[in-house]
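Feature list (source: Swiss-Prot):
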type: TOPO_DOM; residues: 1-11; note: topological domain 'Cytoplasmic'
type: TRANSMEM; residues: 12-32; note: transmembrane segment
type: TOPO_DOM; residues: 33-56; note: topological domain 'Periplasmic'
type: TRANSMEM; residues: 57-77; note: transmembrane segment
type: TOPO_DOM; residues: 78-89; note: topological domain 'Cytoplasmic'
type: TRANSMEM; residues: 90-110; note: transmembrane segment
type: TRANSMEM; residues: 111-131; note: transmembrane segment
type: TOPO_DOM; residues: 132-157; note: topological domain 'Cytoplasmic'
type: TRANSMEM; residues: 158-178; note: transmembrane segment
type: TRANSMEM; residues: 179-199; note: transmembrane segment
type: TOPO_DOM; residues: 200-252; note: topological domain 'Cytoplasmic'
type: TRANSMEM; residues: 253-273; note: transmembrane segment
type: TOPO_DOM; residues: 274-288; note: topological domain 'Periplasmic'
type: TRANSMEM; residues: 289-309; note: transmembrane segment
type: TOPO_DOM; residues: 310-319; note: topological domain 'Cytoplasmic'
type: TRANSMEM; residues: 320-340; note: transmembrane segment
type: TOPO_DOM; residues: 341-350; note: topological domain 'Periplasmic'
type: TRANSMEM; residues: 351-371; note: transmembrane segment
type: TOPO_DOM; residues: 372-385; note: topological domain 'Cytoplasmic'
type: TRANSMEM; residues: 386-406; note: transmembrane segment
type: TOPO_DOM; residues: 407-413; note: topological domain 'Periplasmic'
type: TRANSMEM; residues: 414-434; note: transmembrane segment
type: TOPO_DOM; residues: 435-444; note: topological domain 'Cytoplasmic'
Amino acid sequence: MILDTVDEKKKGVHTRYLILLIIFIVTAVNYADRATLSIAGTEVAKELQLSAVSMGYIFSAFGWAYLLMQIPGGWLLDKFGSKKVYTYSLFFWSLFTFLQGFVDMFPLAWAGISMFFMRFMLGFSEAPSFPANARIVAAWFPTKERGTASAIFNSAQYFSLALFSPLLGWLTFAWGWEHVFTVMGVIGFVLTALWIKLIHNPTDHPRMSAEELKFISENGAVVDMDHKKPGSAAASGPKLHYIKQLLSNRMMLGVFFGQYFINTITWFFLTWFPIYLVQEKGMSILKVGLVASIPALCGFAGGVLGGVFSDYLIKRGLSLTLARKLPIVLGMLLASTIILCNYTNNTTLVVMLMALAFFGKGFGALGWPVISDTAPKEIVGLCGGVFNVFGNVASIVTPLVIGYLVSELHSFNAALVFVGCSALMAMVCYLFVVGDIKRMELQK
């Protein structure tokens, strides 16, 4: 008994924070791999002789595959568990990132098609990642900590841009665009090995103390999420009537469409923002790598603060509905200020406005906490997949729309209006469509 007590004390009482740190790091690399082409894009387009419209299609290739795999990916997560599916996802997205560094070995006529294919397979492989993050947070964190935890892993996208944009810009400048992809691929392979070793279910984790397990399970964490019973919703497959129930629920539809509009802002920054700075503002690639990190850092700060503020409101006794909606509405109002960049030629002011807009986007990007709060507990992964289908339609639409606008109008002005209006539409979804935020119950 004494030995048992000693062993128990050696275990972590905050193992969930270690899990969150790992998710944060993996998500940062996830977004860096998405953004590799935007940083190297000017040089890639020049060497492979690609037009703005062609680049728009290549940027959107990720989104086509990412969207197509969302519902199958969510079902795979519910059936096989987060650890196993995420392991394969991480390995293969790292592989296809690595291989993008070799597309110049193809004849020029095929190089653009090869890049499109690699980006398509990158999206295919990354598809389960965010639904898996939502499942892991739902399994490991009590309700009152879930907003902060979700905001932290979601803010990894901004931290990623802040950390990797200067690095990838320097690699492009000093070593060539090919090394942007090969270096990121190798980082992903290392993370795959660490993931296998460090990630476990709450009830199986060797560092998990009985005290922490009791605390999280009694306060809303779904600790047995991956302990599936025969005949459960996950075990029996992605039934069409489950998806129909999600799509006929007004609250869920408001959340789904809101995520589409929020993601439009994200995909502008992930694809065209560095090219905007080069073509519209005349910056060098090396300078763009540094400048792009400023809005990203502000987005990171906004992302963390939005989650903390939301959970603070819950702890003060405010309703879950108000605590989630207020940061979203305020954040989207700030994000819409991106339109003001059309009214100044001052580069410093443009960067400041972009930073304010990205801070607002981060502050209001609480879609994943809302999904953790509202998804039917039997199909959290599937619900996250449907949510991500809606959200990542933006990964297809945004690059293409901006590519055509820039090609036809020879300016980014209309593109910034498109992005700013999307922020306002996200606000409308949460104010007038979502209604009360509560967990949806499946009709069996």
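The backbone N, Cα and C atoms fix where each Cβ goes, glycine too.
Below 8 A, the CB atoms of the transmembrane segment (111-131) and the transmembrane segment (289-309) form no more than two pairs separated by six or more positions in the chain, fewer than 3 in all. The highest tally of CB pairs under 8 A with the transmembrane segment (57-77), across 179-199, 289-309, 386-406, 414-434, is held by 386-406. Across the candidate stretches 90-110, 253-273, 386-406, the maximum count of CB pairs under 8 A to the transmembrane segment (414-434) is reached by 253-273. Helix, strand and coil residue tallies for the topological domain 'Cytoplasmic' (372-385), in that order: 12 helix, 0 strand, 2 coil [DSSP]. Model confidence over the topological domain 'Cytoplasmic' (200-252) is summarised by a mean pLDDT of 77.
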